[in-house]
Amino acid sequence: MARDYYGLLGVSKNASDADIKRAYRKLARELHPDVNPDEAAQAKFKEISVAYEVLSDPDKRRIVDLGGDPLESAAAGGNGFGGFGGLGDVFEAFFGGGFGGGAASRGPIGRVRPGSDSLLRMRLDLEECATGVTKQVTVDTAVLCDRCQGKGTNGDSVPIPCDTCGGRGEVQTVQRSLLGQMLTSRPCPTCRGVGVVIPDPCQQCMGDGRIRARREISVKIPAGVGDGMRVRLAAQGEVGPGGGPAGDLYVEVHEQAHDVFVREGDHLHCTVSVPMVDAALGVTVTVDAILDGLSEITIPPGTQPGSVITLRGRGMPHLRSNTRGDLHVHVEVVVPTRLDHQDIELLRELKGRRDREVAEVRSTHAAAGGLFSRLRETFTGR
């Protein structure tokens with residue numbers, strides 16, 4: 001049976017907090033062990049101290065007013081489940097400790113909170129990724145309210161504690177069940193969990209301390225960035241509720257495909273089509289490199305189809321150093337498909353002079369260093 005805490009202090013259930021405090025002090029002066037050494041007085045002093053502790057706590061007093069005893073609920077097997085042993089822990093694991101008298105208060109979430117990060121996607125061509133670029137972009141984020149400077153109030157008014165939750169940011173409900181008393185908490189619907197309300201809010205931000213606005217900012221993209229990389233701009237994201245500190249803005253790079261070059265990390269690849277005669281005799285071709293302008297590339301005599309000529313340090317710059325990747329030039333030998341009579345005679349003459357060179361069928365993995373040769377060595381050791 002619940003103890004009569006009001007009766008212990010000699011006050012009614014409608015007593016104010018001041019009445020309860022006054023009654024406790026009066027009894028404490030009479031029953032304090034330093035004044036009254038009698039054992040019965042000491043026991044009585046402990047009882048009124050417990051009663052004052054319960055009734056001065058709004059949550060515990062609410063349980064008393066509903067016919068419960070917060071101390072019995074807390075002591076009876078943990079969170080008001082009595083002889084059910086660990087069953088209270090099971091419900092606490094599933095329902096966040098919202099049972100019995102032991103439901104912990106989360107407290108207000110705070111009116112001023114940090115803002116969230118923002119993401120902006122930016123398309124860049126290969127040249128811009130190679131050289132770096134500074135661009136003006138338009139972002140749409142929450143910014144500090146310029147009328148109230150983030151306070152959310154109108155003029156000199158200030159936030160005040162919420163009457164509904166008493167500044168705790170949450171409201172609690174006690175219900176009886178077969179398992180005992182159940183205490184549940186939920187965010188206060190009046191203050192939305194922050195614990196305070198603004199009686200005279202700013203008419204521009206309506207008390208939020210921030211407004212949405214479009215603004216232009218300068219974004220500096222460093223040389224060497226690649227597709228999917230992000231550049232962080234500190235404190236350029238969303239301003240937080242109540243004028244809280246802004247989050248960060250992340251600019252995500254989307255690299256557009258190039259007409260000539262294919263990027264592989266810091267390396268660049270391109271293909272040069274060389275006529276059959278030039279591949280046999282050798283030739284110099286000109287490539288418009290990304291960072292080096294027009295560059296001459298020497299195709300040596302006897303270059304075979306699929307050959308790769310590597311130009312060291314002529315690729316993309318490394319993002320965090322002064323080094324550069326390589327430029328790989330893939331040679332494609334073009335065999336003529338249309339020949340006139342003179343072309344045919346010249347080729348036949350060449351064939352006659354090189355009659356020892358005949359077509360032959362070879363195993364694909366016969367050539368040293370070929371793909372099949374390397375696979376065979378890997379699996380057979382030969």
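Using the three backbone atoms N, Cα and C, a Cβ is placed for every residue, glycine included.
The Cβ of Cys202 (Zn(2+) 1 binding site) has 22 neighbouring Cβ atoms from other residues within 10 Å, across all protein chains displayed. Under the heading Zn(2+) 1 binding site, Swiss-Prot lists Cys145, Cys148, Cys202, Cys205, citing sequence analysis as support.
For Cys191 (Zn(2+) 2 binding site), the same-chain residues lying six or more positions away in sequence with a CB closer than 8 A to its CB are Pro108, Cys162, Thr164, Cys165, Gly169, Val197. Look at Swiss-Prot and you will find Cys162, Cys165, Cys188, Cys191 tagged as Zn(2+) 2 binding site, backed by sequence analysis.
The domain 'J' feature in Swiss-Prot is assigned to 4-68; the stated evidence is sequence analysis.
Summarised by DSSP class, the composition of the repeat 'CXXCXGXG motif' (145-152) is 0 helix, 0 strand, 8 coil. Annotation comment: Swiss-Prot describes 145-152 (among others) as repeat 'CXXCXGXG motif'.
Taken as a whole, the repeat 'CXXCXGXG motif' (162-169) shows an average pLDDT of 83 in this prediction. The repeat 'CXXCXGXG motif' annotation in Swiss-Prot covers 162-169 (among others).
As annotated by Swiss-Prot, repeat 'CXXCXGXG motif' applies to 188-195 (among others).
Annotation source Swiss-Prot lists repeat 'CXXCXGXG motif' at 202-209 (among others). Beyond the repeat 'CXXCXGXG motif' (202-209), the same-chain residues lying 6 or more positions past its ends with a Cβ under 8 Å from any Cβ of the stretch are 112, 144-148, 150-154, 239, 241-244.
Under the heading zinc finger, Swiss-Prot lists 132-214, citing sequence analysis as support.
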Surrounding CB atoms that lie within 10 Å of the CB of Cys162 (Zn(2+) 2 binding site), all protein chains
22
So Cys145 (Zn(2+) 1 binding site), by the Cβ count within 10 Å over all chains shown, scores 22
How big is the Cα-to-Cα gap, in Å, between Cys188 (Zn(2+) 2 binding site) and Cys145 (Zn(2+) 1 binding site)?
25
Counting across all protein chains present, how many other Cβ atoms fall within 10 Å of the Cβ of Cys188 (Zn(2+) 2 binding site)?
22
